[in-house]
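So that you can see what the record holds, here are the features copied from TrEMBL:
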TRANSMEM  A:18-37  transmembrane segment
TRANSMEM  A:43-61  transmembrane segment
TRANSMEM  A:92-115  transmembrane segment
TRANSMEM  A:122-140  transmembrane segment
TRANSMEM  A:174-192  transmembrane segment
TRANSMEM  A:222-244  transmembrane segment
TRANSMEM  A:256-272  transmembrane segment
TRANSMEM  A:279-300  transmembrane segment
TRANSMEM  A:312-333  transmembrane segment
Amino acid sequence: MAVQALDAARVPIDWQRLALPAVLVVVAYGLIPAYASSYLVEAILLPFLALSLAAVGLNLLTGYCGQLSLGSSAFMAVGAFAAYNFNLRVDGLPLAATMILAGISAAGIGVVFGLPSLRLRGFYLAVSTLAAQFFVQWALTKFGWFSNYNPSGVISAPHLIVAGFPLDGATGRYLLSVTTVIVLTALVWRLVNSATGRNFIAVRDNETAARVIGVPVLRTKLLAFAISSFIIGVAGVLWAFTYLRTVEPAGFNLDRSFQILFIIIIGGLASMRGAFLGAAFIVVFPLVLSRLGAFLFGGLFDSGVLDMSQRIVLGALIIIFLIAEPSGLSALFDRLKRRIGSRSS
Amino acid sequence: MSYYDFLFAIEVLVGGLLSGVMYSLVAIGFVLIYKTSGVLNFAQGSMVLFAALTFVSLVERGIPFALSLLITFAVMVALGFTIERIVLRPLVNRSPMTLFMATLGLSYIIEGAAQLMWGTQVHGLDLGIDDTPFEVGGILISSFDLLAAGIAAAMVAGLSAFFYWTRIGLAFRAVADDQFAALAVGLRLPRIWGTVWTAAGFVALVAGLLWGARLGVQFSLSLIVLKALPVLVLGGFDSILGAIVGGLIIGASEKLAEVYLGPFVGGGIEGWFAYALALVVLLVRPSGLFGQKTVERV
């Protein structure tokens with residue numbers, strides 16, 4: 001810690017590095033709420049924000065700590081259903097507290113299903129995270145209590161009120177979502193650049209070596225599971241409360257888990273920016289493909305064909321990225337920036 | 001427990017064991033590829049779907065049974081070598097996780113392609129085996145299941161013989177043991193991998209026909225990959241014997257749990273019980289019952 005403090009004091013503030021975040025804040029809080037159409041907010045920005053946050057969470061676990069998880073959407077489900085129940089059963093609980101409690105619930109479940117990671121490596125662990133996926137989905141469907149005995153297991157979002165302001169409109173939900181994402185992303189950013197973050201990377205790169213140099217491997221892994229599940233849980237709350245508004249356990253299926261994994265592969269493992277680039281890609285790509293298909297093939301391109309060709313193109317992209325650009329869109333973005341930079345100077 | 005309860009328990013057990021053989025059938029395809037290339041092939045399930053769907057569609061178009069089988073096998077050979085050329089070769093020497101994620105992508109492509117080509121409707125598949133249960137000592141046994149078990153046993157015997165008594169089998173074992181050493185003595189890795197994927201394709205075809213006859217040929221056929229994974233974990237990823245024993249244990253305990261444990265928790269536990277069981281075993285033996293222990297070096 002002392003070394004870090006010294007570093008911080010010595011390095012002058014880099015204004016160029018602050019320019020991009022500043023522009024993003026202006027866009028996120030100024031331009032979008034003022035000008036974006038409600039279609040843009042409802043159909044693109046809200047799912048984008050929720051998936052980005054989930055990807056940030058999974059990236060922490062898989063990208064930084066090297067523990068492959070195929071159960072992300074189970075933790076989203078835990079977050080969403082926990083938030084629903086806390087809000088329902090505790091009178092007057094502020095929304096922020098609900099979200100934090102939901103995150104803590106997801107973290108708890110995450111630690112339980114992370115426990116096998118203390119003994120297991122690689123594929124054996126990946127398969128055991130599938131247990132979380134199936135168990136959580138089964139429990140939420142089977143026990144009516146979780147959905148307040150709704151006959152089809154569906155939960156609906158409550159009124160969203162923060163400090164007396166109702167946030168039920170599209171813009172309100174967007175502001176809630178974007179603020180949550182920014183706060184949590186900033187915290188994760190701090191974390192990965194701290195000693196703990198370096199422990200994560202050490203465990204990922206060589207677990208035995210990390211143990212030899214004194215990294216508390218077991219604690220580090222469980223911490224990664226806990227924090228990652230916390231973030232994914234909160235992402236689940238955003239998914240359920242700000243984007244879909246009504247969700248059922250079946251909505252958090254294995255395909256959603258794969259989707260989040262694909263986001264971090266396409267965006268770039270172990271990159272904060274990658275989670276956002278990947279999520280933007282995954283949200284926009286089906287819309288572009290359906291427009292393109294309809295344009296090129298007209299009526300031949302029905303929803304069945306669209307669904308299948310979407311799968312094929314997505315699968316092909318995954319393989320292409322793994323072969324040609326293993327660091328994902330994030331690295332592509334960097335190269336592009338460097339090329340433009342070298343041309344202008 | 002009365003005599004009839006006992007008989008019932010035995011019947012559940014036998015039914016479970018036989019359905020476990022069906023799980024093993026899928027799991028063997030995984031083991032073949034994992035043993036020789038260290039890749040956990042998530043696309044095995046979609047290969048099962050692809051093979052079954054291709055075969056059924058050919059038969060429905062009036063092509064004779066044997067010829068359809070031959071054509072489908074040829075298609076699986078082509079698929080195996082294409083996968084080796086396009087997906088695996090560029091990814092040589094990359095981490096096992098990368099390869100796993102590539103097969104995840106691959107499974108999306110194969111599923112999409114199979115259904116884009118042959119449509120998404122459910123096809124019935126009749127192999128000409130009648131599925132009337134018969135009685136042995138007061139226990140009902142499905143003849144179809146018994147035949148499936150026989151086919152699985154024959155396949156395992158065939159594969160084992162192939163692995164131990166042929167030159168290419170020897171090459172497989174060499175590659176499984178040490179890829180670099182195998183390359184050093186002049187084995188052609190691309191061709192061996194292509195062959196292994198073909199063998200896995202053949203296993204997928206057999207599994208696809210049997211499962212397809214059971215469930216109908218449709219998209220959900222590719223989900224049997226999720227049934228095979230706990231079997232693999234339990235038995236160890238690199239052991240054919242493990243896949244068989246794992247399948248039997250999972251099949252039997254899953255059915256017994258559903259009958260005797262299910263009512264206490266509201267039923268429907270088949271989806272995750274196998275995983276929970278596999279996890280418990282893993283906590284005691286982290287590389288499965290028969291899996292090779294990894295030696296750690298820095």
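Positions of Cβ are set from backbone N, Cα and C atoms, glycine also.
Computed from a predicted structure; not experimentally measured.
Listed by sequence, the residues of this chain that lie at least six past the ends of the transmembrane segment (A:174-192) yet keep a Cβ under 8 A from its Cβ atoms are 28-29, 32-33, 36, 41, 45-46, 49-50, 52-53, 56-57, 60, 64, 95, 99, 160, 162, 167, 200, 227, 231, 234, 238, 242-243, 272. Nonlocal intrachain contacts for the transmembrane segment (A:279-300), taken as residues 6+ away from its ends with a CB within less than 8 angstroms of a stretch CB, comprise 43-44, 47-48, 51-52, 55, 259, 262-263, 266-267, 306, 309-310, 313-314, 329. Residues of the same chain lying 6 or more positions beyond the ends of the transmembrane segment (A:92-115) and with a Cβ under 8 Å from any Cβ of it are 67, 71, 74-76, 78-80, 82-83, 86, 128-129, 131-132, 136, 160-162, 176, 180, 221-222, 224-234, 236-237. Within the same chain, residues 42, 46-47, 49-51, 53-54, 56-58, 60-61, 64-65, 67, 69, 72, 75-80, 82-84, 98-99, 102-107, 109-111, 113-115, 117-118, 155, 157-158, 160, 173-174, 176-177, 180-181, 184, 188, 191, 196, 200, 203, 251-252, 260 sit at least 6 positions outside the transmembrane segment (A:222-244) and bring their C-beta atoms closer than 8 Å to a C-beta of that stretch. Within the same chain, residues 262, 264-269, 271, 273-274, 277-278, 281, 285, 289 sit at least 6 positions outside the transmembrane segment (A:312-333) and bring their C-beta atoms closer than 8 Å to a C-beta of that stretch.
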